[in-house]
Structure formats: C-alpha cells, structure tokens
C-alpha cells in the first residue's frame, strides 16, 4: 500500500496507484543550489523518490553553466568569505607592528595563490554536495531542466539528448543571476561571478552599487591594496539597513581608504590604452583595471518554460508562491531567490526544509521570516537582527527606546587603529521587548547570531540587563547598555530617503 502524504489536509498518494497514475518520481527538483539540495535530501529522507537536475559546474555562471552547490557555494557567500579573510590580513599586518611584530615594509600579496586556494575549496564543496545527494538516494541529472507540464520535466543533457520524467511534485530552486546596467560600454564591466575568478589582481577598481556585494568587494580589494572607488545612488550605502549603522559603515570604508561617490551613477565605460575610462553622471572621469557592476540580481526563471505551463510570475520574473511555497499550479513549488522573498541562503534552506516537512513529512510547516539575522562582510562587518530604528518607529504604536554604545575595541587601543565599534538595541517602551539589534565591528556576525536566539525567544531589555557579560569582550556591551540614548515618541514618525 502506498505511503500517504498530507497536502492541505488531504491525503496525497506517493505512487499515485489509487489515482491510477504512476510517476517516475515523487519529487523532481530543478536547481541543485542550497535550497534545491536541502529539499531533495530531506524529501528523500522522508521516503520520497527524488530526482534533481543541475547545469554543469563552472565558477562563472551563465544560462548553460552552474554547478551542484549553487551560487552561495560556488560563486557567492563561500568564496567571497574566503577573499574577505584574505583581505583582512592586510589590516592585521598593519596593526601587528604596534603589538611588537617586526615586519618588513614590503609585504607581498600573491593573488593567484589565494585564487587557487579558493578554487580548490569550491571544487571540494561541489563534490561534497554531490555526495550528500547520492547518500540520500537522490538521482542527479547533469543538464538543463525545464517544465513541460504540471507533472513533467524535460532535462537536456550535455550532448543535447532530451530526457523526460514525470513527477508528482516539481520544485523550482534555480536562484538568481547578477544583472548589468544598460549603459554604453557595459560589456567592459564584470559581475560578482567574474570578480571571484579574476586572472589578475585589479590595482584600480570602480564598483557600482551600494548593497552587500558592492560594499564587500570594496573592502576585499582595498584590503589587498587596490585603489577603490565605490559609486552608489543614495547618500549612504546599504539601503534598507538602519541609517545610523549605514553611516558607521560608510565612515569605516572611508577610514580604510575607499573613495566614496554618493548620489552618483555611471553613464559610460570606454576602453583605453591605460584601462577602462569610467564616466559618471557628474562628469567625473575615473580610470580602472576592473569595473564591477553590483547592481542587483534577477530571479533565474527565463528558461524554465513557466509561462507556457501557466505558472504565475511577477513583474521582476520572480515565481509567485503562497506561504507554503506553492505556485498557482498545485503540483509546482518554488523556494529560494527565484521567488524573490528574502534572498539569503539560510532562508532558502528554511523554505526547503518546510517544503519537505509539509509535502513528504506529514508536518505542515510555514517559513518564519521574523527575526532573521544577516550580515554584510565588509571590513569590519555589519550584522543585524530584527527591526531597524526606522522600522520600529514605523511599525510600533507606542514609544521606541534606542540604546547605543560606541567604543574603541580593546585591540585598537594598542594597534592605534582609529575605528569605532558601534552597537545598538531598539526596544518597545511599553512592553520592554527588544525589537532589533545591530552591530558594526569585529566579530559582529558571530555575536549577532547569539542575540538572534534571544530575539526569537521574545527577550526583554530587562533580561538583557540581567545577563552577565563575558569580560573582556565586545559582546558584553550588549548586556551593559543601561542608559537610553534617545526616546522616540509615538507622534514622531521621521522618514528617511538616504
């Protein structure tokens, strides 16, 4: 007898015998990135017969190249963090002198050595992800997948051969792809894909964008010795973050020697004998070895044949899903960046876990997007969880209390580096509940992960205050902020367009 699965409260048959239908797979997943692999593995562990397809591996993606592990593992979070580690040593070596280390004035940096180490690591991780699928009993197909019917997937293999499979459920987890601005000479620029695999280290770089990727690569290249210009349209980088923390990041970027160009855009790139001439909308001319476009990403949905099947898309090309990650076609689901909900790898993992539990585990589960921590791996990093001050003011009915601490990290007192750490708690005055926490400074992501648990549990400011700190550490500041920095009354609703 077929094992039953619960969908919307109704029994759904694994093999479909009682419906008179036999499927090749219970689940077929298109896209073997973080979300797709998690959904495939967990579904298989619940007893489902699962197939998954992914494009052939390469560090630089295209419409026909990808790789098991997806953007995060191959050309995103993981290789980027490796480069951040590499860049951080530049500042560490500067600081080391005041700690007694006698260093030569000429310290060389070998970009190609780091690049090879990075490539070796993503090759290793690509193999690990393949083994995770194999060990779970998931059938992996290398090739491009598209949907040809509510229960049918077509996979075009590397030699052009087309395979067709039926599936009770189809899950789309194809992620997103970097975009280029439509300006003359845009073909001379690169995206984050290429930036992680450059043959030569760029001694002069212009970066267009003010988000995660732009700020992170500015820190990476500057930390390795490049002359960096960061061009962005707003007054401050990192639109959508807490404004006070954005100002801290901007100040730190400048302090590290990065040239900021706020309220600026690029209008043209021109190839010259000396490099790429970059023209801004203020008439400035910059010369660069590399121009990085960090101007956002678009859902990777174009080649999936979704319109013909009737799957609803929004104006950005994102797949429209309900809170269960289900599309308007009951047998087709989607998770991760292709749905353009909250585009973070751990969120895709959460959505994938909930999908598997709901469809194959008999445990209806919905993703919870509240109090999700995240980080910008600038140098030093910024990390946040919960509401920004601006969001708290807008969303709460009563007064908002803001607690801040700005201090010189203990390490800097000896090194002499002039760079402050800033911490912030946003509290509901009526309930004493901590609504948000932010930190910009060394180890911020590691510290905020622990704070996120407290917020998820509904912690109050009084509970923060009653917690004993770890001394001496920066983290203890989160439990010693006693004095209110400012109180924003319910009547005050400041708006920002920085």
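The backbone N, Cα and C atoms fix where each Cβ goes, and this holds for glycine too.
The domain 'FAD/NAD(P)-binding' feature in TrEMBL is assigned to 25-352. Per TrEMBL, the feature FAD binding site maps to 81, 145, 174, 175, 176, 337. The NAD(+) binding site annotation in TrEMBL covers 209, 210, 211, 212, 213, 214, 215, 216, 296. As annotated by TrEMBL, domain 'Pyridine nucleotide-disulphide oxidoreductase dimerisation' applies to 372-481. Per TrEMBL, the feature active site, proton acceptor maps to 471.
Where TrEMBL records a feature, it is marked here on the structure.
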residue	record	contacts (Cβ under 8 Å, 6+ apart)
174	FAD binding site	30, 31, 33, 36, 299, 300, 301, 304, 336, 338
175	FAD binding site	31, 33, 35, 70, 71, 299, 300, 336, 337, 338
176	FAD binding site	71, 297, 298, 299, 300, 337, 338, 340, 343
209	NAD(+) binding site	231, 232, 292, 293, 294, 295, 296
211	NAD(+) binding site	237, 238, 239, 294, 296
213	NAD(+) binding site	80, 192, 294
215	NAD(+) binding site	230, 237, 238, 249, 253, 376, 378
471	active site, proton acceptor	none
Secondary structure composition of the domain 'Pyridine nucleotide-disulphide oxidoreductase dimerisation' (372-481) [DSSP: H/G/I, E/B, coil]: 36 helix, 33 strand, 41 coil
Binding-site residues (145, 296), the one with most neighbouring Cβ atoms at 10 Å: 145
NAD(+) site, defined by 209, 210, 211, 212, 213, 214, 215, 216, 296: further same-chain residues with Cβ within 8 Å of the Cβ centre: 207, 217, 237, 238, 294
Binding-site residues: 81, 337 - member with fewest neighbouring CB atoms within 10 Å: 81
Whole-number Å value of the largest CA-CA distance among 81, 145, 174, 175, 176, 337, listed as FAD-binding: 30
Maximal Cα-Cα distance (Å) across residues annotated as binding NAD(+), namely 209, 210, 211, 212, 213, 214, 215, 216, 296: 14
Rounded mean pLDDT for the residues that make up the domain 'FAD/NAD(P)-binding' (25-352): 96
